[in-house]
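K.L.:
Below: one structure in structure tokens.
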Amino acid sequence: MKWITARRRHPLAGYVVVIIALAFFGVGYAFVAPNADRAQAQTVAAGSEEAPVDISNGKQIFVQSCASCHGLDGKGTENGPDLTGVGAAAVDFQVSTGRMPSMNPDVQMPRRDPVYTEQEILDLAAYVDQEFGGGPAIPEQAPGLAPQRSDFEDESEYKAAKEQYEAAYEQYIAGGDTEAGMKLYMTNCAHCHSWSGAGGALTDGRWAPEIHEATPREIYEAMITGPGAMPVFNDTTITEEEKQSLIKFVKDLQAEPDAGGVFSLDRIGQVAEGFIGWTVGMSLIVACAIWITAKQRAHD
Amino acid sequence: MSTTPAPKALRGLGNYIDDRFHLAKTGEKNLRKVFPNHWSFMLGEIALYSFIILLVTGVFLTLWFNPSMGHVVYDGSYERLRGVGMSEAYASTLHITFDVRGGLFIRQVHHWAALIFVASLVIHMLRVFFTGAFRKPREINWLIGVAIFTLAIVEGLFGYSLPDDLPSGMGVRIFQGVLLAIPVIGTYLMMFMFGGEFPGEAIIPRLYTLHILVIPGILLALIVAHFMILWHQKHTQYPGTGRTEKKVVGTPMYPAFAVKAGGFFFFTFAVIAGLAAFVQINPIHLFGPFTPTSITSGLQPDWYMGFLEGALRIFPNWFDFTIAGYAVPMGVLLPGLGGMGLLFGGLAAWPFIEAWITGDKRHHNVADRPRNAPTRTGIGAAGVTAYGLIWLAGSNDILSETFSISLYATTWFFRIAIILGPIIAFIVTKRICLGLQRRDREILEHGYESGTIQQLPSGEFIEVHKESSPDTVHVLQSKPPARIDIDSTDENGVEPPSGRGAKGRLRARLAHWYTKDNVSFEGVRPHSGHHLHHGATASEEESVKAH
């Protein structure tokens, strides 16, 4: 007879099972529960090391990947807009979010992994800025993409760069004022990107993208260049400090754990809550009504 | 019944009370009261139980909630919002969420219970509608039910508005907009309600009084009345052997029904508590406080207000006009108040409309099977479809984003579907009902298909039909007569006075429309169809030849 078979009908077996189950859930919860490390786990960006830009490399990239739509002279074609005066920030935003080079010029591009490295993007941005007339510069003070392991030869160098980047990120996010940022975001941004930054539907089949993965620098650049249907919020409309506050508000909110339960319903809110209320809540209760009635003896 | 006498102490207590209040007789009568058994008769109980949960958790929340729009700078334990200016209402909700032990859980229980409460009212009401349980003598209880439903929605809206977070403020803003849209008195009404311009300082304390005192008080009174009337009139039952208009078959109140209902309470509570424990609802601390300049996409009211939101979203502005410089925004007025009026007015009026059309003044204690009232069932399905579509339209931005559909396309889809959908639903549902009626008639005449195939001596294959159980026969035979003789003439060929005049003719036409397609069971004797006689025995073989 197996060991378990001999003991499973023991009077205390039930309690043992309950205790094991409780221990299992308790320990399991300790693993799953949000803690400071995980809440902070954010994709973040690299420190602004002053690297020399190589404009000729930028030109080469432009000719290879951009000129077919924007034209060799940057004046645009029927497939792509004029780049006169767009500036380095616009190039950095479009290319670092992977929206450019675009696969299909007729549709709104979603965010993708960038095709070029940070250095290549800087080269390209410098070329476009110099060749087609200057525009807003890259906001170096806001941290951009986090350093990638593949860009570094050895582990220690990568770790150092990452630490430096994270410190810069923390410092930037710590700098702003939540209340000012919240008011600016709720007044200017939330009606398209929604209160949680999850994005939303716009007119004419367009949409405002979600901004969870956007780095502080990309959010900053989007504000000063106004990509797509987005209006421009230049540094006179919303000052540099105000932009920092706004970005702090967005990033803090995104890093905030969901206190209300394991299932946050993607912070969609009431539509998801109503859906769960009906599909899970009501179905379970009605199923129970059916079950109780079916289990009832016929005449008692 | 148990024959062992009760313990002496208990008996003594019982006698003491009975000597003074003479409760034994009333108690015996009421404890033995019979309730018919069917799962669909327990849907209203879900509403009762979630209402009880709402009362209990609501009292808990009032212990800390501060219904004030006074401005404070937050200094509690929620770090992200420290130093942010907000109303005391919002700050105290943060306090409940983060500083009161179990506060967040109770808040989530309260919110989930509210969603379940209104949802259970809806399905309970649908059950009553589709089974015709609203008919005489229960019209008054139906009206009370409609009032409970209406108040529950308003109660939910006001409760949603109290924490003064972002969605609260947006909800109140829409509420204000709808008030403003009422011609002539709208602005006065709005200024009275808000005590000045939006948002002012008065609205939250006022909504609080309505939410925790006035409306729950009325709701409680209505629920008690609902139950007393139910108790007095007895519950309806579905047709079956031994069940008649005068005799209820079911389980006595005590012990069986009480145990069942009590168990069901705990299950309802468990589901609500489970949702509250695991699924985040209305995270006000993430939304942040409301300021009059805040506006966001991707936020909706709670589901029960969704149909009004949807109506506002898809209704065109083609009918707005201006009289002497005063704008009449029909695009807000019609969907905002017209939608509510149509829903609640239609629900309240239906029992009387149906009674007028059918001329049915009899008492009904046996519920209809939905298929046996195909026009009513079709109208109900049309109503459900219209409600469902307009409710979906309220989430058009979420649908558009989640499924990558153009927002304008959703608007046009809903504008067209809200007209076509109910018509299609009516026709389809009615046809299904009539099909089921035909099948019922078939089963009654021929018995049920046994699945056994037999070969006759002639080589022909037949499926053997077997006789249905007496209970099935009873249920099938309970179908009311197919047609109403409303336009019948007397022996001299004179139509009744009620059939004359425009109203009489309209009623006759409606009565004809209401019942014209019903399948008649008249003259159908159970198991008289010839299929049944294809039995294996020799005697039955002969009867086959006789056909």
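Heads up, the Cβ atoms here are built off N, Cα and C, so glycines get one too.
So TrEMBL lists the following for this protein:
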- A:CYS66, A:CYS69, A:HIS70: heme c 1 binding site (BINDING)
- A:CYS189, A:CYS192, A:HIS193: heme c 2 binding site (BINDING)
- A:53-132: domain 'Cytochrome c' (DOMAIN)
- A:176-254: domain 'Cytochrome c' (DOMAIN)
- A:12-32: transmembrane segment (TRANSMEM)
- A:275-294: transmembrane segment (TRANSMEM)
K.L.:
Determine the minimum-neighbour residue: among A:CYS66, A:CYS69, A:CYS189, A:CYS192, listed as binding-site residues, which Cβ has the fewest other Cβ atoms within 10 angstroms?
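P.N.:
Among the binding-site residues A:CYS66, A:CYS69, A:CYS189, A:CYS192, the lowest count of other Cβ atoms within 10 Å belongs to A:CYS69.
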K.L.:
State the residues, same chain only, that lie 6 or more residues beyond the ends of the transmembrane segment (A:12-32) and have a CB under 8 A from a CB inside it; answer 'none' if no residue qualifies.
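P.N.:
Same-chain contacts beyond the ends: 262.
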K.L.:
Work out how many Å separate A:HIS193 (heme c 2 binding site) and A:CYS66 (heme c 1 binding site) at their Cα atoms, rounded off.
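P.N.:
One finds 28 Å between the Cα atoms of these residues.
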K.L.:
Between A:CYS66 (heme c 1 binding site) and A:CYS192 (heme c 2 binding site), what C-alpha distance do you get in Å?
P.N.:
29
K.L.:
Compute the C-alpha separation of A:CYS189 (heme c 2 binding site) from A:HIS70 (heme c 1 binding site), stating it in Å without decimals.
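P.N.:
Counting only the Cα atoms, the answer is 29 Å.
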K.L.:
So which of the binding-site residues A:CYS66, A:CYS69, A:HIS70, A:CYS189, A:CYS192 end up next to chain B, with Cβ to Cβ under 8 Å?
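P.N.:
Out of A:CYS66, A:CYS69, A:HIS70, A:CYS189, A:CYS192, A:CYS192 lie under 8 Å of chain B.
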K.L.:
Could you tally the C-beta atoms, other than its own, that fall within 10 angstroms of the C-beta of A:HIS193 (heme c 2 binding site)?
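P.N.:
Other Cβ atoms found within 10 Å: 26.
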K.L.:
Do you know offhand how many angstrom separate A:CYS69 (heme c 1 binding site) and A:CYS192 (heme c 2 binding site) by C-alpha?
P.N.:
28
K.L.:
For the domain 'Cytochrome c' (A:176-254), give the DSSP counts of helix residues, strand residues and coil residues.
P.N.:
43 helix, 4 strand, 32 coil
K.L.:
C-alpha of A:CYS192 (heme c 2 binding site) to C-alpha of A:HIS70 (heme c 1 binding site): distance in Å?
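P.N.:
So the alpha carbons of A:CYS192 (heme c 2 binding site) and A:HIS70 (heme c 1 binding site) sit roughly 28 Å from each other.
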K.L.:
Report the same-chain neighbours of A:HIS70 (heme c 1 binding site): residues 6+ apart in sequence with Cβ closer than 8 Å to its Cβ, ordered by sequence.
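P.N.:
A:GLY76, A:THR77, A:GLY80, A:PRO81, A:ASP82, A:LEU83 - these are the non-local Cβ neighbours of A:HIS70 (heme c 1 binding site), listed in sequence order.
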K.L.:
Per DSSP, A:CYS66 (heme c 1 binding site) is which: helix, strand or coil?
P.N.:
helix
K.L.:
Under the DSSP assignment, what numbers of helix, strand and coil residues are found in the domain 'Cytochrome c' (A:53-132)?
P.N.:
40 helix, 2 strand, 38 coil
